[in-house]
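**Q** Got a structure for you, questions after.
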Amino acid sequence: MQPHKLVWFRNDLRTGDNHALYHACQNSAEHGVIAVAAITPTQWQMQDEAKCRVQFWLANLEKLKQDLAALNIPLRIIHAETNQELPEQLLNLAQQFNVRSLYFNCEYPEYEQKRDQQVEHLFRQQGIRCHTYDSDVVLPPGSVLNQQGFAYKVFTPFGKAWRQLYLQQPSTPLPSPAALPKRQDDVVIKSASYTENGSENYCDKVPVDIGYKNQMGANWNSAFWPAGADDAHRLLQQFVHERSHNYKQLRDFPAKPGTSSLSPYLSVGVLSTRQCIAAMQAYSEDPDWFYSQWVTELIWRDFYRHLLVAFPGMNRWQPFKPEIEAKISWQYDEKRFRAWCDGETGFDIVDAGMKQLHETGWMHNRVRMISASFLTKLLRQDWRLGARFFMQHLIDGDFASNLGGWQWSASVGADAAPYFRIFSPMRQTDRFDPKAEYISRWLPQSQDGPLFAQNSGRPAPVIDYSLERNRSIDEYKNSSG
Ligand code: FAD
């Protein structure tokens, strides 16, 4: 068997701007290149992956397989039932194909880092070299530091330093590698069977077929988020061309298509952040595009990844500010939590958001903030409950961004909302959904009635807003000093 290089795909399901793939394909005259991805139901279960996210990931994997085939790179899909099996299975594959080096892009949560260290250790023991890359971020964790050489804990100076560094050395996306020559001794790679009766149309059966038990929440909507890089780039260009100039004005209005809705593609790595920035550079009509609000949001994505690496306690669900959380007594009230989960709190904007989440697997950012603030500050439930629930339902579920968003909302995170910022659902509705367009889209019952429950067949409010607001402020006030 001729020697091979092996590329391991995870949440980087793209051929363009994929550092691991690109470098594996350089100088490969002597080597063939093969690719692998692993179906890991136990890991998905443990990490609360939403059903729609798994479906979306698998559908994109299928597209990636086609894109790789066009480059003469076969993709092998392996099925690792337990996490312990994964390194051994990868090694078996490597030995079967005489693999001399392994290439992959880093993932930053601690669990993934440990998994990768295990794999690297095992491979190195066998004399197989490992090459890793920071393809999931624009600037690698540890590269954006303050003057004392420490990681930033606050976003604004991080963003400023990030932009300065980027301008010194713009990080442009890598192209897809050129197709490799088709080899005479072509390897025939047979993937593990994970489809019922060998059917290729597995997306709607995925959770059953692969033994994945999370049956909650929405199915992936392939009309709204079609799988594959071609469609992802089409949607990216469309957003940049047609809507990015209005982003700052419209992004807080959940009834309007003001944001890009590209987060599912970024989450499974069909798009990279660099490709989004490059699209702005190429297609935006705004001469100041680099300082635009949309680029700022993309920098937030990097920020949360940098934090996760610099402050590993976050991986274990520790708050960034434990001194604040120590004095808060979360209520752990099942009735309140259930009402929030089911979108039955009687506060329309909150319930509409939860209905959007249940039906589509996605929620508008403004409503994520309102909903998270409501659960933590008004229902006074532990932010971890909400964060887990979001991960179990979001198609764009992302450990770092979700953790960051929840800690921010509960005022226990880096650069958190000040404790007295408690979103009033009524005031937020007045400001961002004044004609109740968003609310009536997701709560048709409230279409004809006023915004509040009593008159409209909606549940009665689960709490007394003013009472809980005052309690919460008192508690946070004591905890901060
Ligand atoms: P756009 O506004 O078009 O922004 C473009 C991209 O920038 C997004 O796709 C996303 O990748 C990134 N981005 C935007 N805002 C943020 C942010 N605040 N933090 C980090 N990255 C950001 N985002 C996730 O991708 N996954 C999550 O699991 C997630 N959980 C969240 C939980 C809470 C409680 C909150 C308040 C926010 C969460 N976010 C999460 C951030 C944000 O809500 C989503 O990224 C955004 O709504 C996605 O919609 P979009 O693609 O239209 O974003």
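Even glycines carry a Cβ here, placed using N, Cα and C.
Predicted, not measured: the structure shown is a model, and the values here were computed from it.
Take a look at what TrEMBL says about it:
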type	residues	note
DOMAIN	3-138	domain 'Photolyase/cryptochrome alpha/beta'
BINDING	Tyr247, 259-263, Trp294, 297-304, 396-398	FAD binding site
SITE	Trp330	site 'Electron transfer via tryptophanyl radical'
SITE	Trp383	site 'Electron transfer via tryptophanyl radical'
SITE	Trp406	site 'Electron transfer via tryptophanyl radical'
**Q** Helix, strand or coil at Ser261 (FAD binding site), per DSSP?
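**A** Once the DSSP labels are grouped into three classes, Ser261 (FAD binding site) ends up as coil.
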**Q** Under 6 Å from ligand 1 by C-beta, which of these recorded positions make it: Ser261, Ile299, Trp383, Asp396, Trp406? Sequence order, please.
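**A** The qualifying recorded positions are Ser261, Asp396, Trp406.
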**Q** Going by C-alpha distance, which of the recorded sites Trp330, Trp383, Trp406 is nearest to Tyr247 (FAD binding site)?
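**A** If we rank Trp330, Trp383, Trp406 by Cα distance to Tyr247 (FAD binding site), first place goes to Trp406.
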**Q** Looking at the recorded sites Trp330, Trp383, Trp406, which has the shortest Cα distance to Ile299 (FAD binding site)?
**A** Trp406
**Q** Within the domain 'Photolyase/cryptochrome alpha/beta' (3-138) only, compute the mean pLDDT.
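**A** Mean pLDDT, the domain 'Photolyase/cryptochrome alpha/beta' (3-138): 94.
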**Q** Check the Cα-Cα distances from Trp330 (site 'Electron transfer via tryptophanyl radical') to the recorded positions Ser261, Asp302, Asp396, Trp406 and tell me which is shortest.
**A** Trp406
**Q** Near Trp383 (site 'Electron transfer via tryptophanyl radical'), which residues of its chain come within a Cβ-Cβ distance under 8 Å, counting only those 6 or more away in sequence?
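**A** Counting only residues 6 or more apart in sequence, the Cβ neighbours of Trp383 (site 'Electron transfer via tryptophanyl radical') under 8 Å are Pro319, Ala372, Leu375, Thr376, Trp406, Gln407, Ser409, Ala410, Val412.
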**Q** Under DSSP, is Asp396 (FAD binding site) part of a helix or a strand, or is it coil?
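**A** In three-state terms, Asp396 (FAD binding site) counts as coil.
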**Q** DSSP helix, strand and coil counts for the domain 'Photolyase/cryptochrome alpha/beta' (3-138)?
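**A** Final tally across the stretch: 61 helix, 31 strand, 44 coil.
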**Q** Restricting to the same chain and to sequence separations of six or more, state which residues have a Cβ under 8 Å from that of Trp294 (FAD binding site).
**A** Ser244, Tyr247, Ser260, Met280
